[in-house]
Amino acid sequence: MDPFTEKLLERTRARRENLQRKMAERPTAAPRSMTHAKRARQPLSEASNQQPLSGGEEKSCTKPSPSKKRCSDNTEVEVSNLENKQPVESTSAKSCSPSPVSPQVQPQAADTISDSVAVPASLLGMRRGLNSRLEATAASSVKTRMQKLAEQRRRWDNDDMTDDIPESSLFSPMPSEEKAASPPRPLLSNASATPVGRRGRLANLAATICSWEDDVNHSFAKQNSVQEQPGTACLSKFSSASGASARINSSSVKQEATFCSQRDGDASLNKALSSSADDASLVNASISSSVKATSPVKSTTSITDAKSCEGQNPELLPKTPISPLKTGVSKPIVKSTLSQTVPSKGELSREICLQSQSKDKSTTPGGTGIKPFLERFGERCQEHSKESPARSTPHRTPIITPNTKAIQERLFKQDTSSSTTHLAQQLKQERQKELACLRGRFDKGNIWSAEKGGNSKSKQLETKQETHCQSTPLKKHQGVSKTQSLPVTEKVTENQIPAKNSSTEPKGFTECEMTKSSPLKITLFLEEDKSLKVTSDPKVEQKIEVIREIEMSVDDDDINSSKVINDLFSDVLEEGELDMEKSQEEMDQALAESSEEQEDALNISSMSLLAPLAQTVGVVSPESLVSTPRLELKDTSRSDESPKPGKFQRTRVPRAESGDSLGSEDRDLLYSIDAYRSQRFKETERPSIKQVIVRKEDVTSKLDEKNNAFPCQVNIKQKMQELNNEINMQQTVIYQASQALNCCVDEEHGKGSLEEAEAERLLLIATGKRTLLIDELNKLKNEGPQRKNKASPQSEFMPSKGSVTLSEIRLPLKADFVCSTVQKPDAANYYYLIILKAGAENMVATPLASTSNSLNGDALTFTTTFTLQDVSNDFEINIEVYSLVQKKDPSGLDKKKKTSKSKAITPKRLLTSITTKSNIHSSVMASPGGLSAVRTSNFALVGSYTLSLSSVGNTKFVLDKVPFLSSLEGHIYLKIKCQVNSSVEERGFLTIFEDVSGFGAWHRRWCVLSGNCISYWTYPDDEKRKNPIGRINLANCTSRQIEPANREFCARRNTFELITVRPQREDDRETLVSQCRDTLCVTKNWLSADTKEERDLWMQKLNQVLVDIRLWQPDACYKPIGKP
């Protein structure tokens, strides 16, 4: 344990003993009521809302008074005060214990209202008693102020009393810490036989205060935020006290918010009174909205009174927002008192918050993880309650008595002589104002300010500050768990400044801070302090457990709290939207979208708080709010500094967002390193474009994949099915062509005509294709899909695929035949047909060419262009030449005339003749066309040739199988072009060895492998702007395979050797890199890569290019030299 903690523990023990001793010496009920009155004086002196503050101050002062005396000036003292709070917590625990009773009272229909009213009534009565006592002990001005405040309250009650009274009564116990304690007070007051008349008065006042809910929703939210901030960062003691009270009850958060805002106006009580009415409505309104949205969440998060109230009585949550309003009025009084004694009050408030939290947690059903710690406080509280049972009504009065006196004296002294302190605080306040203005300068156009008129300035600043404060508390909360004492000090200073400064802007700032720090944050901090107080050894463990418990409870309670928040928030939205409903919804949606990323990473506390709110507004689902704590903290800081309102603020005060806030995402200002880092982290989260470095790419795998893709493993069954379908189609074509030919019985019916020749052509093509398909099918059945992979290349590199194109086909005829056909054109018709076959799937037939129309000189020309795609280098294309002779019978016409004269042709005779002749022409033998084929084609094969890669470069090919008496000359002319589908490319720096004036030098070059050449430049940018310095043509390479250079000759690492040959020139001479042999100049190229991997990659790609060149363009390159 560090020495600082040990000091705190020692001081805590001493204070505890002192407090217990003083408590034993104190009177019971009467002095406690006096204490309450004194506390009420303090808030009255500072704030206009005295009555609510009395209750809240009683709670706050209960713990802090002893601790404040000791630790009013020290932040450490506050931590110790938290420990000292245990005795105070006993009282506050009592108050919390009554809060469970308050749920019991609430079930009673009339009693709920009366009790809730009784709470303010008891507070009012106590305040009145306190007023009289204050007159005795303090300046009469305080009493006068309290009376004025009470009168003003009555006026508000008379003006604002509405149907909200029952709600207020219901809310009162839950929302404010004072109210949380107040419901127990009514019970206690009942137990103590509190007069009915007094109850009635208090009920009326409570109803009036509750009726303010509609007007005070936004201000109430602000108060909530104020409490949250002190709870989180413990920056201001007021806020810490209010935060603690907020822990006890979400209403207490409201009270603290009001308290903080009023504390700012403490310097001028009258002004504060007048402004408190307006602020009460505005601040309470914001508080109510924030508490509505926040307080349930806070109660859930902190697992304090709000949570316990939810578990005990679900009505308490709705009540919470209203009671915070009431308590918010009373809190200003406490704020005033605390502002006078800022350090002591901050400590007191913080201690109270901690105690109340512990009490609430002990009573809270959801605080299971914190239970052992809470049980300890509960036991102590029970002991104190046994010692002073009369405390029930005044609760904290006895504890406050000794400390309260000192605090009151300090407050009066501060009122009388606040020159030095006041000036210092004013300076601080001015600085805070400047910061608030800077942080919220984009929110100047808030709808809040426009609506509230006179308070527009204060409201704008408040909203601005709320926006910033929401972020700052989160940031502060980050460091709260680590250094609790420091946040406490910050809070105290901040709260002191606003307390002394009567301007509403500091109020808004403090409120904003409290609001921002969300109850969960406060709870975490307070619980940590409590754990420190309770035990020194298990302190760290308890901290962790408490935090975990809180998080779990927040998640569990989000459902219940979200429901309540939705109900409460609906009213706020109705009030806030009015004419701006549509614009606000659009703004909220736009803001939600723009800030969704930022708000996703809110603190755990803010997550729990915002989840229900997000559900209400429909911004983001609670699940989306979950994120790691680091991200939450970072994003929180960024969102805090951004001018646009956060989710929390937006939901509470939807109207407070200006139109400019829509584009606020673009103007996010990064005030801190955290914000910058979070932004940078967000950027890294986005999917970045991965830059592929070619030199590190494994080309072998790609090449293998590419090569294996062509002999793809097609499903055998599917392939066989396709072949069968194609065979059936060809069978149909064969049958139809045969039937057509059978009809050509004479010249009148197409015999010897072009149609008959076309039918013969179709029959020939279909028959040949069917035969090829059957052969392919049989191969598939016998050999399977591995047939194509049998001829695997011997070398390591697979040659690339290519395309083959055949064009300009010419078929020369014999000169004698050409002359005879010209002389006797009517003797016969000669038709020629060329079929190109490259497997069963690639079969193309040229159109019919006859000597009458296609003869060009002594050769027949065919315009067909045949192209094969994606063929390997071992392709084979079969060329087959067919001819058909249609001889004309000169006596045919005479015979036809005779028959027509002798016998008329009737349909019956025609049918008989066709049948007879078709039977004559039909073939009895099995036809290649299939079983259903009637006949075979009359085309005869007169020549054939097989083309391969070796045929490339030739245009004249000798036909095989040419008959001796054929009309063909025996040759065929065609153009064959092969194109390699090689896309091997590489770019990178290589160091090339060159001869410079007889000396070897290595020069770094930017080399590009494209096509068959390696081109190199000095810089990469020169590739597109300049001609290359030099080229190495791989077609001239004589190296059988490119390999690493021999280290005996080249000592440079990662070097490979490339030997090229070119014809010798006259000016060639031998150098270090080139030698002349016979008529050739041999150049040895050494290229060095930066790494071994790069060298291997270059070698692989160069070898691939060489393979493709040598296989596809054998005549275009030199034959390799060396061992095969």
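Heads up, the Cβ atoms here are built off N, Cα and C, so glycines get one too.
Checking S252, S356, S951 against Swiss-Prot, you find phosphoserine recorded for S252. Checking S72, S358, S502, S753 against Swiss-Prot for the annotation phosphoserine singles out S72.
Cross-referencing S65, S99, S518 with Swiss-Prot, the residue annotated as phosphoserine turns out to be S518.
Between the listed residues S481, S661, S902, Swiss-Prot assigns phosphoserine to S661, with no corresponding entry for the rest in that record. Looking at 173-208, 209-244, 569-604, 785-820, the range tied to coiled coil in Swiss-Prot is 569-604.
Swiss-Prot records phosphoserine for one of S45, S553, S627, S913, namely S553. If you average pLDDT over the region 'Nuclear localization' (1-230) in this model, you get 53.
Taken through DSSP, the compositional bias 'Basic and acidic residues' (1-25) splits into 23 helix, 0 strand, 2 coil.
The compositional bias 'Basic and acidic residues' (148-158): residue composition by secondary structure is 11 helix, 0 strand, 0 coil, according to DSSP.
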